[in-house]
Amino acid sequence: MKGPEKAYLVSDKATKMYSLTMDSSEKNNCGKPPLQDDENPHIKYHCHNNNTKAYDARQREQTSAKKKLCIASLICFVFISAEIVGGYIAGSLAVVTDAAHLLVDLSSFFISLGSLWLSSKSSTMRLTFGWYRAEILGALMSIITIWLVTGVLVYLAIERIIRPDYTIDGTVMLITSACALGANVVLALILHQSGHGHSHAGGKHEHMASEYKPQTNASIRAAFIHVIGDLFQSISVLISALIIYFKPEYKIADPICTFIFSIFVLITTVTVLRDLLNILMEGTPRGIHYSDVKQSILAVDGVKSVHSLHLWALTMNQVILSAHIATDILGESKRILKDVTQNVCSSFPFHSVTIQVEPVEEQSPECMFCYEPTQ
């Protein structure tokens, strides 16, 4: 495209359009310092200049997630085979229960890998945001499978408590449960991730909102919840195996441990389920506060008011902002637009920011769409 790039600021009233020419010496939309003329005078300002960094971060996140899931799947398959054989020989419901949950874990790993593949596909005219939410839907499916399998196993545990006509080989159960515990510890270490609220671009530290911490990839987080549930199960099975090994008459410990484990599993899914539903409901992401973002916008010289401020996320870490701002100095709309974008991008981890500048005299206090949202 020849000539300077244009950015258009549209006013709702009379659809008046302001055309602003942006030169190469200006800052880009995510707060990076302006290029000096002697550095690269041919690069024009563009609204997506910093999207390359966001895209690269997303690619690294997905590559890491796929690698972790593939390794976890291989380890999971090996221990599933061992537990099914060991549980069958020992006659232990708890061991077979653990194998069943590992099988569900393996299925969830495959679902997560599929959702990661889908989320990397390009956007279309129908799916303008792309397939990012496939990652969230895949994680939600994993949580639902945990609940379904847990419900079945609770039923079987109750059956064993009511009808205790079964035998358990304590030795085989003890060996198998110890191996299962080791497998789940390894899986938990592989899938565990930690984040911190810094950006290291360009060798500099950019401190984001103090309460915001980058969240784990949804697919990895759901898989980790699966493994933590199995870890609880393995611990409970090992305890029941020790009891049965030394006191065979206390075989009721086997279904009791299965029942106790189920409660722990449901507890471990609550937090991740809440975050997934918040994303699907277009809620404000955890760690980002509406009032803080609004104050960050109002702090820019020339901004008189903010309305239609919306904060939501496509995935755990892809947060989006859109807002309308009013000013009484339209001659500086270009500067105000860039300052607002820079301010929010340097203070919060926004993946995309859309700002509409409007004349302050066109604001309508009676407009139902401009009201401040309730608490």
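Every residue, even glycine, has its Cβ placed from backbone N, Cα and C.
Per Swiss-Prot, the topological domain holding Ala90 carries a different name from the one holding His192, which places them across the membrane from each other. Candidate binding-site residues: His324, Glu358, Cys367. Nearest to His226 (Zn(2+) 1 binding site) by Cα distance: His324.
Taking Cβ pairs closer than 8 Å, the transmembrane segment (99-119) reaches residues 62, 65-66, 69-70, 72-73, 76-77, 79-80, 83-84, 87, 130-135, 137-139, 141-142, 145-146, 149, 153, 180, 183, 187, 219-220, 222-223, 226-227, 229-230, 233, 315 in its own chain, all 6 or more past its ends.
Here nothing among the binding-site residues Asp105, Asp230, His351, Glu358 falls inside 10 Å of the CA of Cys370 (Zn(2+) 3 binding site). Separation of the C-alpha atoms of Glu358 (Zn(2+) 2 binding site) and His351 (Zn(2+) 4 binding site): 23 Å, rounded to the nearest whole number.
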